[in-house]
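Q: Take a look at what Swiss-Prot says about it:
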| type | residues | note |
| --- | --- | --- |
| DOMAIN | 5-121 | domain 'MTTase N-terminal' |
| BINDING | 14, 50, 84 | [4Fe-4S] cluster 1 binding site |
| DOMAIN | 145-378 | domain 'Radical SAM core' |
| BINDING | 159, 163, 166 | [4Fe-4S] cluster 2 binding site |
| DOMAIN | 378-439 | domain 'TRAM' |
C-alpha cells in the first residue's frame with residue numbers, strides 16, 4: 001500500500017477561511033491526502049488567502065516566491081492558491097508565479113478533487129467561477145474522527161451591502177444562505193465528533209434566510225433548531241450587520257440559554273458623515289439604540305466591534321465622534337484598522353487622509369479600546385463563569401478554555417479534560433486572559 005500524499009494548507013484571514021480550509025482538506029482526503037504541518041514534507045501546498053487588507057495579493061506573491069527552491073527540489077510538488085485573492089487575481093497568479101499549478105476561488109473548492117487530478121496530469125487548473133450548484137451539497141459529509149470541542153460552521157456567504165471600503169461582494173459574491181436541513185445535518189455530525197460549541201459563520205450572518213420546512217428561516221429560527229441538538233451546549237455567530245439585527249434575534253439573546261452572551265456587531269465609525277460615505281446605511285444614533293435593545297434583552301452581554309480610522313475625508317471631528325461612540329458602548333473586544341485603499345472600491349477614488357494622521361488616530365482609538373477591555377476583564381475577578389476547556393495550557397496540569405463571554409480562562413487542575421464544561425471562579429485578570437479555580 002502506497003504512503004498517503006501530504007497536504008499543507010496555510011490559512012489567512014477570517015474564521016470562514018478556517019472553515020473552508022477544513023472542508024478543502026476533507027475534499028482532498030478522498031484523493032488520498034493527509035494533512036501535514038510542514039510545507040517541506042508536502043506533496044501539495046495550498047494557500048487559502050484573504051483579500052481584505054492592503055497589499056493582500058502582494059503578500060501572497062511574496063509567500064509563493066519562498067516556495068521556488070522547494071518546487072525546484074521536488075518537481076512533482078503541486079502548489080495552489082485558494083480563497084479571495086485567487087478569486088480577485090485569477091489567471092494573473094499563474095502568469096506572475098508560474099510555479100503555481102492550481103487557482104481556485106471560494107465558491108469552487110468543492111471541485112478540488114478534479115482540479116488536483118488535472119494538475120497530476122501535467123495541466124494547469126483554474127476555477128474562479130460562481131457556479132450555480134451548491135458547493136456544500138457537493139462536499140461529502142464530515143469525517144467521523146474525533147476533533148476538538150469547538151467548530152466553525154458556515155451558514156451564509158457573500159454580501160449585498162456594498163460598503164465603500166469592502167471587496168467581499170466582489171470576491172464572495174451575492175448573499176446566499178444554506179438550507180437549514182443541511183446545516184442541522186452538519187451540526188449533528190460535528191456533535192457526534194465531540195464538538196460542544198458551534199460558531200455560525202457568514203459574511204453577513206444575521207441576514208441568513210435559508211430554506212426551512214415552512215419557508216425561509218431566520219437566523220434566530222436556525223438557532224432555536226440548533227438548540228434542540230443534544231450534546232451541543234453553546235452557540236455563537238459572526239459577523240453581523242446592524243441593519244439585519246432583527247427583533248427575533250435580539251429576543252433569542254435573552255431567551256436561548258445555549259446562545260452565548262457575546263455579540264460581534266461592527267459599526268466601523270461613529271460619524272454619520274463617514275458612515276454615509278462608507279455606505280453603511282445606518283447612523284451612529286441608530287446603532288447606539290440597537291445596542292440598548294440588545295442589552296435590555298441580555299444585560300450581561302459583551303459587545304465586540306470593528307473600526308476603520310483614516311477613511312477618506314475623515315476629519316478630527318469625525319474621529320472624535322468615533323471615540324464618543326466607543327466610550328458609550330464600552331466594547332469587551334474590538335478590532336481597529338487604519339483604512340487601506342482597495343482598488344475597485346468606491347472609497348479608493350476619494351481624497352485620502354494623511355497616513356501619519358491616520359496612524360495617530362489608530363493609536364488613540366486603540367488606547368481607549370484597550371482601557372475598556374482591561375476594565376471589563378478586571379471586573380470579572382470574583383465572579384463565577386462557565387468555561388469550556390479546549391486544550392492544555394503552558395504550565396503542567398493547566399487547562400485553557402473560553403468563558404461564555406469569550407474570555408480565555410486558564411485553570412490549574414490536572415483532572416480537567418478538553419471538552420469539559422465547568423463553573424470557574426475568576427481569581428486574577430491578565431492582559432489577554434483570566435486565571436480561575438474550579439468553583
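Note: Cβ is positioned from N, Cα and C throughout, glycine not excepted.
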Q: Sequence gap of 6 or more, C-beta under 8 Å: which same-chain residues meet both conditions with respect to residue 84 ([4Fe-4S] cluster 1 binding site)?
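A: Set apart from residue 84 ([4Fe-4S] cluster 1 binding site) by at least 6 residues yet with Cβ under 8 Å, we have 13, 49, 50, 51, 52, 56, 105, 106, 167, 168, 171, 172.
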Q: What is the total of other Cβ atoms whose distance to the Cβ of residue 50 ([4Fe-4S] cluster 1 binding site) is within 10 Å?
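A: So the Cβ neighbour count for residue 50 ([4Fe-4S] cluster 1 binding site) comes to 19.
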Q: Check the domain 'Radical SAM core' (145-378) for me and report the mean pLDDT.
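A: The predicted confidence over the domain 'Radical SAM core' (145-378), as a mean pLDDT, is 94.
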Q: When secondary structure is assigned with DSSP, how many helix, strand and coil residues does the domain 'MTTase N-terminal' (5-121) contain?
A: 58 helix, 25 strand, 34 coil
Q: Using the alpha carbons only, what distance in Å do you get between residue 163 ([4Fe-4S] cluster 2 binding site) and residue 14 ([4Fe-4S] cluster 1 binding site) once rounded?
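A: About 18 Å separate the Cα atoms of these two residues.
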Q: How big is the gap, in Å, between the Cα of residue 159 ([4Fe-4S] cluster 2 binding site) and that of residue 14 ([4Fe-4S] cluster 1 binding site), rounded to a whole number?
A: 15
Q: Taking 8 Å from the centroid of the Cβ atoms of 14, 50, 84 as the cut-off, which other residues in that chain fall inside it around the [4Fe-4S] cluster 1 site?
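A: Going along the sequence, the neighbours come out as 12, 13, 16, 17, 49, 51, 52, 83, 171.
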Q: Would you please pick out, from the binding-site residues 14, 159, 166, the one with the fewest other Cβ atoms within 10 Å of its Cβ?
A: 14
Q: If you measure residue 14 ([4Fe-4S] cluster 1 binding site) to residue 166 ([4Fe-4S] cluster 2 binding site) at Cα, how many Å is it?
A: 14
Q: Going by DSSP, is residue 166 ([4Fe-4S] cluster 2 binding site) part of a helix, a strand, or coil?
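A: It is coil.
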Q: Measure from the Cβ of residue 163 ([4Fe-4S] cluster 2 binding site) and count the other Cβ atoms within 10 Å, all protein chains considered.
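A: Its Cβ shell of radius 10 Å holds 21 other Cβ atoms.
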Q: On the DSSP side of things, how many residues of the domain 'TRAM' (378-439) fall into helix, strand and coil, could you say?
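A: When I sort the residues of the domain 'TRAM' (378-439) into the three classes, I find 1 helix, 34 strand, 27 coil.
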